[in-house]
Structures are given as structure tokens and as C-alpha cells.
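**Q** Not my notes, these are from TrEMBL:
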{"type": "ACT_SITE", "residues": "Glu120", "note": "active site"}
{"type": "BINDING", "residues": "His119, His123, His129", "note": "Zn(2+) binding site"}
{"type": "DISULFID", "residues": "Cys89-Cys111", "note": "disulfide bond"}
{"type": "DOMAIN", "residues": "25-222", "note": "domain 'Peptidase M12A'"}
{"type": "DOMAIN", "residues": "278-398", "note": "domain 'CUB'"}
Amino acid sequence: MVLPPLPNKYQDNNKLEEDELQERKGLLNVLQLWPSGRVAYNFHSSVNKQTRENIRLAMDEWEKKTCLRFHETLIDLSYLRFRTDQSGCWSLVGRQNKFFQGQDVSIGPGCERIPVIVHEVGHAIGMYHEQSRIDRDGYITILWNNIPSGMTSQFSTGIEFSRGVEYDYTSVMHYGSMAFTKQLFERNTIVTKNPHYQRLIGTGRQISFRDAKLANSMYSCSSLCPNLFNASQQCQNEGYLSPYNAEENACKCVCQPGTSGEFCEIVNFSSYYEPPVCGGNVTEETDIQTPGYPKRELPIDSCSWWIQAPGRKRVMVTFEDFSFAPRLDSRTSKYRGRCLQERVEIRTRNMAEGNMFCGEDIKRGTNLASKGNQFIIIITTNGHSQSTRGLKGKVSFID
């Protein structure tokens, strides 16, 4: 939900105000970090029992993977006050010295899910949005034409202070691909440079490895380890030393996904991200189809094909079948006629943006050709079983 401007707050979808600190990923000003990583909090009377439990579980996520510790209190010099009587999901960024008044974290209607609260707690401990990093243009493209004029500040960048932690599409602090779009379910506002990663952004449901690594760096968690000077320099492949994590290896290297070993020296697979369940790069004429065609195999997940023809050839895809969840047919919904459940984006001219299809929009035997030598297909699903057939097509290269 988009709210009216709130001074010095992050709203989710969050409005970044001009008077906020310019740093965007982890706080540069140590005075706005919580001393010794201890965060005091309490609950406003509006917060019910279930939401209180969800808030505690969200804080547990941060405690399991960092040296941050949350403790409930009636009052303190600085403390978080969770409340549900205001609109939207938002938080101040970092510790604000309110002199015993507390700083609000709004968990408004619709914001009670644990992943949303994990995100807001991330703001409260000093983290900004991932896509606001100064180096984001190497990873994503912002589609400014799809953003309302009054919302462009949501996508501003600031001074880089990522502490050497690499960009993370799966960060719990990353916007989704259609954040603040003019046409929800029809137009993206954020696309990844590599189309195979489009499925990842905005899907973080828990703290990612790199989220935890950044928070550990911000709060100097490794300084609590007696073997700091010996072990910290030996962690490899982005691994880091931490006294706290979900495993029983305190004060040892915490390894990124795909690596293992005492010092994360064993590389089990080359990418930080799990590969898509179907699709991939296509550089020769071939057939493509969704897994299990003409049925839909579980788990239903997003697929992507990045088709590239040689030289000055163009790509043509002949669709032998196209069957997905239908467009919304509701006379009362403002999203009537849009692809809510799942959508297939096809890019033939602009490799950053295409048109969305679903249902049986593309008839059997339809030929679609690219303007240049590239053609991209991205299937985005809601992860649920569909009684549809999926996609089958033939890729050929033409002059």
C-alpha cells in the first residue's frame, strides 16, 4: 500500500524522503546503529496476540544469523514500538534517539506476514533497500516509463556503503519486479540485466546469506570471536566469520549457498543462485517446452529462455501450444483482464521489456519474430498447480 509522505520513514512499498541519510544499504552513521547490537522494543496496545508472535518470530530470524539481540521493555532511551493501528508497512531506518519516546514500526493491515515484518525489522536495524545501492545499474534496469511521476524517488540511489557485500537479487530488502508500477500484473518497474534472475527479485521470504553477512559486518559481530584474527582471513568464497548462525558452528566460517568446508573452500556449484527449473540460454534451433508438457509438473516454478541467434539472424518462435491460467474475469475488480495467477512475458524488440500473455492468448501456429538477434521468454507463476498444459514451441533462426 502506498501511503502519504511520512518524514524520515521507509514505507513498503516504501517512500524514501529527502531528509533521510543518503547511504542506501547499510548505515554509514554508527550513531544510528543499536549499541552493542541490543535492540529494545515493545508493543502498542493495538497489536494482537498473533501479530505479536509473528513479530517475535521475525526478530528470531535476525537473532539466529547475527549478533543482534532483541529484548522487550516498557521504556528505554531508544526503543522500537510495533503498532498495527496505522496504515501500511513502514519503519525509520536505524536507531533514532527519541529520548524515551520510542520509534514506531508500523505493521498495518495486510503487513502481518512474517517476511514483511522481517523486512521492516531490517530497516529498523539500519538496512536500506537492495535496489537503492549505487552499483545497482550493473544488475538491474529501472523502467522509468512504468513508474508514476510522483513515485520516481522510490528508485533513487545513494552513497555506496555495501561493505564489500555483493548485490543480492534474493535479499529480503529487495523490491519486487512490479513495485509502484502504473499497471500491476502488466508492467514491470525493475528488470534484471540477466533475464534468468528476473524470477528472484522481491521473492525473499527470509534473511539471505548476504543480508546476514551485511548485518554481521555493520554490527562487527565477528569481533566477539576469540579466533577473529586467525579465522576471518581464511574464510573463502564470500564466507564470513560469525559467532551466531543457525548451525552449531559458532565462530567458524559461515558459507554462502553452493559452498562448504571449514573455510568455505569447497565449491559445490558455481552460482550463488539456484538455477531455474526450466529454460536456459538457447543458441541453436531447437524445441522448447515447459516441464511435463502437456501437463504441469510440480513444483511449478518460473522458467526463462534467453534465445540468441548468430550474427545478423533473427529469432522466430512458432508456438505449437500455449495454455496458462486465464486472465481475471471479474466485473468488480480493477484488475479485470489482467494476468494475476501467472504470466508469460515475451520480449522481441526491447530486451528489457515485453508484453504479458496468459490463458490461451497465443493461438496454435502463431509465429513471433524478434527485431534483432535476441528473443526472451519469462514465465512467472504463483507456484500453485494449474490444470493447464503450459508451453511448447519451435525455435528457428531467420534472415
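The chain as shown is numbered from 1 upward.
Heads up, the Cβ atoms here are built off N, Cα and C, so glycines get one too.
How about a rundown of where these features are and what they're close to?
**A** A helical conformation is recorded for Glu120 (active site) in the three-state DSSP classification.
For His129 (Zn(2+) binding site), the count of additional Cβ atoms within 10 Å of its Cβ stands at 27 [all protein chains shown].
According to DSSP, Cys89 (disulfide bond) is assigned to a strand segment.
Within the model, the domain 'Peptidase M12A' (25-222) carries an average pLDDT of 93.
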**Q** DSSP on His129 (Zn(2+) binding site), three-state: which is it?
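**A** Its secondary structure by DSSP: coil.
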**Q** Mind tallying the domain 'CUB' (278-398) by DSSP state, helix then strand then coil?
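**A** Helix/strand/coil tally for the domain 'CUB' (278-398): 0 helix, 57 strand, 64 coil.
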**Q** Please give me the recorded positions out of Glu120, His123, His129 that lie within 10 Å of Cys89 (disulfide bond), comparing Cα atoms only.
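**A** If one measures from the Cα of Cys89 (disulfide bond), the recorded positions that come within 10 Å are Glu120.
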**Q** Do you know offhand how many angstrom separate His129 (Zn(2+) binding site) and Glu120 (active site) by C-alpha?
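**A** That comes out at 11 Å between the alpha carbons.
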**Q** Which one of the binding-site residues (His119, His123) has its C-beta surrounded by the most other C-beta atoms within 10 angstroms?
**A** His119
**Q** Looking only at Cys89, Cys111, which of these disulfide-bonded residues has the biggest number of Cβ atoms within 10 Å around its Cβ?
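**A** Of Cys89, Cys111, the one with the most crowded Cβ is Cys89.
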